[in-house]
Structure formats: C-alpha cells, structure tokens
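Features of the protein shown, as given by TrEMBL:
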- Tyr52: active site, proton donor (ACT_SITE)
- His114: substrate binding site (BINDING)
- 19-296: domain 'NADP-dependent oxidoreductase' (DOMAIN)
- Lys81: site 'Lowers pKa of active site Tyr' (SITE)
Amino acid sequence: MPSFAPTVTLNNGQKMPVLGLGTWLSREGEAVSAVKAAIDAGYRHIDTAYLYANEQEVGQAIREKIAEGVIKREDVFVTTKLWNTYHEPRHVEEAFNRSLANLDIGYIDLYLMHWPTSSKFIGWAAPDPDSPVAPEFTEVDIVDTYRAMEKLLKTGKVKGIGVSNFNSEQVARIVNECNVLPVTNQVECNPNLNQRKLTEFCKQWNITITAYSPLGRPNYYEKDPINMPKPALDDPRVLKIGKKYGKSPGQVILRYLVDISTIPVPKSANLDRLRQNIDIFDFKLTPEEIAIMDGFNTGVRTVPFAVWAPHKYFPFAAEF
Ligand SMILES: NC(=O)C1=CN([C@@H]2O[C@H](COP(=O)(O)OP(=O)(O)OC[C@H]3O[C@@H](n4cnc5c(N)ncnc54)[C@H](OP(=O)(O)O)[C@@H]3O)[C@@H](O)[C@H]2O)C=CC1
Ligand SMILES: O=C1CO[C@H](CO)[C@@H](O)[C@@H]1O
C-alpha cells in the first residue's frame, strides 16, 4: 500500500508534498529504480541537482511512471539546483536549460540556488558529485544570480524558485533586494541541527525549510562512526519513542522533522527504507517527545562545506 505525504501551500501558491525523495549518490542505474520505486511507494516529491549527475535518470523514471499511467506530470513535484560554477547571470539560463533537457519532463517545479557561494565557470561538463571541490572562488553577488533566476519564471518552464544553504542574513537580502520571494530554503536539518531559529525567521515570509541530510547520512560514517551526528539511529531514546508507535528510529526522526514544520528529503535507494521513510503520516509526536528530540540539537554540521569557508558568501559563519 502506498503512503502519501500531505502538501504544504508555498508562498507562491504551489503545493509541495511535505516529504520528498533525496537522490544525492543515487546514480548509475540506481536512480531510475529508486525513483520508480519511490513513486510506487507514494512519493510525489523528488529532489535532485545538476551536481548529482542523475537528472537524466530521475527524468527517465518519472517519464516511465507517466507512461505506465501511475502518475500524471502534475502529480509530482521536482526540484533541481543551479550549481556554483553557473552563478554569473549570463550562465543561469543555459544552466537551467541543461537541467530542463536532462530531466525532459516539460517543466521543473522548483529551481534552487544550490549554495550562495560562486566559483569560476569551468565549462558545462557535469561536475564530479563526489568532489565538487578545488573551486576557484568568484564573488558573484547572490542578488545578481537570484535576479537571473527570477527571469526564468517568465518562461513558464519553472514554477517556483528558491535558495539552499542560505543563512538568515542571506535570506533577508534576497527578500529585501529581489522581487520574488524564495519558496524554500533547503538546508541541512536533522535532530542534531534542528534549525529552529532559521525556520522561525523564514516563517515571516512563509518561506519553508526543506530538510536535507535529515537522517544525518548514516552510512557515510561507517568508517568513521565517531563523527556520526547524533542521535545515532540506535539511540535508546529514539528507539523507545519508535516502540510506542511501532515505528523505526528513522521514521521517528522524519516525523519529528515534519512536526517541527520542515520538509525532509531523505535519500534511499533501498526498497524497504524507501517505503519506511514515507510511512510516517499515521502518527504524530507528543510535545514531550518533541522536547526529547529537541534535546539532540548540538548545532554541529554534517555538511560543513569547510573548503568553502574563506568564500565571501560562505553561509555558516553566521549564528543561523
Ligand atoms: N542542498 C544541498 O546542499 C544538499 C541537498 N541534499 C539533498 O538531501 C537528500 C538527503 O540527504 P543525504 O545527505 O542523502 O542524507 P540522508 O540523511 O537522507 O541519509 C541518506 C543515507 O541514509 C540511509 N537511509 C535512508 N533511510 C534510512 C533509514 N530509514 N534507516 C537507516 N538508514 C537510512 C541511506 O542508505 P540507503 O540508500 O541504502 O537506504 C543513505 O545512505 C540528498 O540525497 C539530496 O537530495 C543533501 C545534501 C546537501
Ligand atoms: O547537495 C549536495 C550533496 O552533498 C554534497 C557533499 O556533501 C554537497 O556538497 C552538496 O551540496
């Protein structure tokens, strides 16, 4: 039985399911099967990026599910992102058109500025998603890039625009200096970094928080568990809450993120975990349980993006 996520109405009127499928590191065939399985499981919101080098596979999976009659194009909300090397306003439209062509699903629901940090244009070859580093920083103003993104809306090929990895000051600049409000700010958000302050701040303009790395990237830390953000998925406090509802620790964490008004996009390419991650809409945490989950917040990042720290627009020096 598929499970469906309810939708939230964004500040531009679009409706976005409050849980989506992440796809970073889903590729080489894996992304097609993961996205198809996710659609069968009830997912109607998919998160990708030019950086992930899997837009073509994400698009193929969606087209196949449309051809099978499982969904119509308008049933699924697809987000992709402008990579850092394309921030110069003269590159934005071409970068967008490349994502649009890769996906080949007619239009894109949401286009995000992936990071506020620009780097030198090094051609159109897809960047290596495993090492988007060795950047030669440039100082393209986020406002200039965002204004170029606003122009895309006129084409009708993208329905909404937004930002990612922006701190509160950077969000405020976009709000004050641009014409179109971002519909979301996609940032790392998990119990270890619950983004309560940024969520409250963005709420003033009905800018949602999309929660990336919602589970804290568990497998990423296998070789280095000491750096694994807490709570670990086997934390007894999380297990205890899960036991009460008959849910796994991953489900408790995702439900917590929905309960604190964020929109998690967990990645899984495993059928059981895919299904589990969206099967969270038949329970709700109590205020006491939310307080327990809040207690895990340390503010330490899983994705510190440290190599970009000297960049003029590095977002993580601000308090939030
Ligand atoms: N805007 C940005 O800068 C960023 C955006 N993102 C987006 O957010 C998405 C999610 O973040 P991501 O960094 O992938 O990390 P997640 O927190 O989603 O963790 C993904 C990992 O968790 C495993 N997993 C999934 N479900 C469960 C579960 N229920 N129990 C135990 N393990 C589980 C997955 O393995 P398996 O596949 O084997 O299930 C995978 O290894 C990305 O895929 C991407 O779309 C991520 C980082 C930065
Ligand atoms: O979206 C992303 C996936 O993870 C990468 C590595 O941590 C990030 O750089 C990137 O922003």
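Every residue gets a Cβ built from N, Cα and C, even glycine.
Whatever TrEMBL says is automated annotation, not expert-curated.
A simple way to gauge crowding: the CB of Tyr52 (active site, proton donor) has 24 other CB atoms within 10 angstroms, across all the protein chains here. When the neighbouring Cβ atoms lying within 10 Å are counted for each of the recorded positions (Lys81, His114), the highest count belongs to Lys81. Across the fold, the C-alpha of His114 (substrate binding site) and the C-alpha of Lys81 (site 'Lowers pKa of active site Tyr') stand 5 Å from each other. In this structure the alpha carbons, written CA, of Lys81 (site 'Lowers pKa of active site Tyr') and Tyr52 (active site, proton donor) are 9 Å apart. In the three-state DSSP reading, His114 (substrate binding site) counts as coil. Annotation note: Lys81 (site 'Lowers pKa of active site Tyr') sits in a strand segment as assigned by DSSP.
In three-state terms derived from DSSP, the residue listed as 'active site, proton donor' belongs to a helical segment. In this model, the domain 'NADP-dependent oxidoreductase' (19-296) carries an average pLDDT of 94.
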